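Participant: What follows is a structure written as structure tokens; I'll ask about it next.
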Number of protein chains: 2
Amino acid sequence: MSISSFHPPVRTLMGPGPSDVNPRVLEAMARPTIGHLDPVFVDMMDETKQLLQYAFQTSNALTMPISAPGSAGMEACFVNLVEPGETVIVCQNGVFGGRMKENVERCGATAIMVQDDWGDAVDPAKLEEALKAHPEATVVAFVHAETSTGAISDAETLVKLAHDHNCLTIVDAVTSLAGSPLMVDDWGIDAIYSGTQKCLSCTPGISPISFSQAAVDKVQSRKTPVQSWFLDLSLVMAYWGGGAKRAYHHTAPVNALYAFHESLVILQDEGIENSWARHAKNHEALKAGFEAMGISFLVDESCRLPQLNSVFVPEGIDEAAVRTELLNSYNLEIGAGLGPMAGKIWRVGLMGFASNETNVLNCLGAMDAVLSDMGAKFDSGSAVKAARASFSS
Amino acid sequence: MSISSFHPPVRTLMGPGPSDVNPRVLEAMARPTIGHLDPVFVDMMDETKQLLQYAFQTSNALTMPISAPGSAGMEACFVNLVEPGETVIVCQNGVFGGRMKENVERCGATAIMVQDDWGDAVDPAKLEEALKAHPEATVVAFVHAETSTGAISDAETLVKLAHDHNCLTIVDAVTSLAGSPLMVDDWGIDAIYSGTQKCLSCTPGISPISFSQAAVDKVQSRKTPVQSWFLDLSLVMAYWGGGAKRAYHHTAPVNALYAFHESLVILQDEGIENSWARHAKNHEALKAGFEAMGISFLVDESCRLPQLNSVFVPEGIDEAAVRTELLNSYNLEIGAGLGPMAGKIWRVGLMGFASNETNVLNCLGAMDAVLSDMGAKFDSGSAVKAARASFSS
């Protein structure tokens with residue numbers, strides 16, 4: 001065996017994540033490792049918490065990164081907030097609602113599913129019906145921005161309904177954080193998790209979470225221990241929130257947290273409203289380009305995510321061949337459909353650092369070239385021009 | 001709020017981990033992020049698996065990194081191999097045996113504790129007694145190299161005893177991997193986990209694991225689902241072991257895996273026996289220096305880890321003040337004692353890239369200066385000379 005160092009190609013990442021990482025983040029990640037109990041590191045943890053509170057628009061004291069990817073952040077919310085025997089209402093309109101159901105059941109609780117079609121937003125009326133039918137429910141869980149379809153749901157309304165029926169809320173904000181308006185405190189969200197590899201322009205591997213006081217109260221009054229030691233927030237909190245007397249829990253992923261801190265500094269410097277506006281603007285241009293190619297969107301305009309564009313594969317086109325050609329000849333990654341959407345849609349991300357004019361224009365140019373070579377019928381060249389016009393308007 | 005980029009100081013990390021990271025690893029970590037389903041990334045995953053098999057000295061097909069720190073690797077072993085109602089014998093001779101007990105209980109199983117003094121190796125006779133007293137036991141768990149004390153246990157003998165009583169084995173190799181001889185196949189270990197931030201010279205945040213066929217068989221014949229979705233190996237395996245048809249599970253921490261791959265390439269290039277020998281040689285020199293200062297070891301020479309040196313704080317010396325002075329004036333981190341050892345010992349690591357001549361000499365020179373300033377009685381200057389002589393012999 002003689003294996004060499006790995007040197008990845010330079011790709012443009014316009015799939016469902018990871019998205020392009022800001023070079024400042026990569027550079028921060030390579031800074032010298034220091035100890036996870038070093039006072040200088042502990043100061044950085046405090047800064048990270050403050051920056052993350054800003055990103056989530058919250059003053060929740062329990063706001064911190066979980067040292068693992070978004071799916072561990074999801075699990076952290078469920079294993080801490082759900083006890084065996086409870087009933088949880090899960091709204092599903094894509095892949096990730098299904099994963100929530102798995103989490104509920106592995107906590108020994110019952111999941112009541114509220115189903116909406118893939119590509120639709122969660123319907124508040126259906127949630128209300130389920131809440132009325134299940135007065136025993138203690139938690140409502142839903143995905144704010146479904147990464148598998150590109151649909152955004154009205155989190156504020158869903159949370160209000162849940163509260164009206166004395167339920168806490170668990171919200172998946174993996175794809176929405178920093179890309180679409182998200183107001184944890186104003187909307188009253190109780191537990192939220194996200195990922196770093198989408199609109200934060202950071203490397204994958206960390207899951208930021210935030211818990212309201214009501215959620216913390218529930219964790220602290222549990223009758224049974226949290227089934228996961230690694231994700232037990234009563235232990236993790238003593239490390240992240242312990243001030244000078246921090247209790248050792250696990251060894252923090254030091255360099256990944258440098259990267260996360262840097263990505264949050266970049267967001268602070270841009271301003272979160274400006275980040276939302278940038279995602280919206282680049283989406284408009286991409287949309288203009290797709291429309292010029294006759295490519296239509298899965299999701300209705302009323303609930304369409306600007307940072308994740310699910311579009312139908314034109315008839316007669318081999319969708320996998322297009323993605324392979326884009327990757328091999330253009331170093332451009334776009335995403336495939338998942339589950340029932342496999343083979344039918346592409347998912348084109350414009351997230352974080354990847355949400356920029358150059359990417360919009362390059363992606364449209366490359367797709368134009370590949371699709372017209374494969375015989376798709378549209379006015380070649382029109383897509384880039386339409387996007388350019390959108391930017392200039 | 002206006003928070004700036006974080007620029008850590010350059011420390012020398014000679015505590016219990018994280019240890020000094022090889023600059024090649026930091027550089028690898030900052031390479032451009034690519035997609036976690038990119039064919040080029042998938043090839044890198046295959047290489048990583050091969051390299052990790054070499055590090056563990058195993059041909060186990062289920063050999064891979066968990067996308068989270070060592071404590072998640074520990075939890076992955078327990079939640080997959082232990083079902084509710086089972087009995088697990090846990091040998092404890094330090095902090096991490098206690099964490100194993102927590103894991104067993106959170107799986108709904110019963111932990112039978114076999115206790116040895118902190119600083120001692122696990123006593124095989126006590127394990128045998130427990131195995132005889134508990135024929136219902138299904139799993140034996142122990143720590144190969146206790147990071148809290150610096151004692152190494154005879155894993156081969158303990159595993160043989162467990163197998164003689166039809167138990168599978170879970171072994172913590174967080175501190176031993178690449179620092180001390182560890183032969184997963186020859187010793188018949190069933191499930192093992194480690195960390196990246198010790199003798200692999202890598203950044204913290206990833207936990208390599210390996211499962212024998214017997215362990216995989218047990219996972220596949222479980223009567224109950226694994227309580228953790230994130231750590232369910234039947235799902236993770238489909239991602240890491242699925243070849244061309246990999247099933248999406250979670251977004252891999254791409255850049256952290258670049259770093260991990262690089263650290264394993266470095267180990268392959270050095271040769272694992274050479275790595276073990278280097279750790280032993282540098283320990284001898286550090287020991288010569290400590291003895292010249294009249295500083296003695298917690299752990300008997302018969303079971304002393306070369307990569308983690310637990311030494312008694314000289315009488316009348318404020319141990320925390322020494323560590324603070326070393327950090328502030330020498331940028332040198334050494335570790336404190338944990339639990340009953342707090343205030344009594346220091347833990348001086350010589351792990352991975354940190355295990356080198358320069359670190360041994362600098363550490364002894366700095367400790368000599370700080371301790372003699374604080375009034376410790378020894379022949380100042382003798383420690384560095386003794387270490388230098390050890391290297392030259």
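Backbone N, Cα and C atoms are what each Cβ position is placed from, and that goes for glycine too.
All TrEMBL annotations are machine predictions without curation.
Just lifted these from TrEMBL, have a look:
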DOMAIN    B:35-337  domain 'Aminotransferase class V'
MOD_RES   B:Lys198  N6-(pyridoxal phosphate)lysine
BINDING   B:Arg347  substrate binding site
Participant: Quick check for the class: what is the C-alpha distance, in angstrom and rounded, between B:Arg347 (substrate binding site) and B:Lys198 (N6-(pyridoxal phosphate)lysine)?
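Facilitator: Rounded to the nearest whole number, the Cα-Cα distance is 13 Å.
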Participant: Determine the minimum-neighbour residue: among B:Lys198, B:Arg347, listed as recorded positions, which Cβ has the fewest other Cβ atoms within 10 angstroms?
Facilitator: B:Arg347
Participant: Under a three-state reading of DSSP, tell me whether B:Arg347 (substrate binding site) is helix, strand or coil.
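Facilitator: B:Arg347 (substrate binding site) sits in a strand per DSSP.
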Participant: Need the DSSP three-state call for B:Lys198 (N6-(pyridoxal phosphate)lysine) to compare against my parser.
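Facilitator: Its secondary structure by DSSP: coil.
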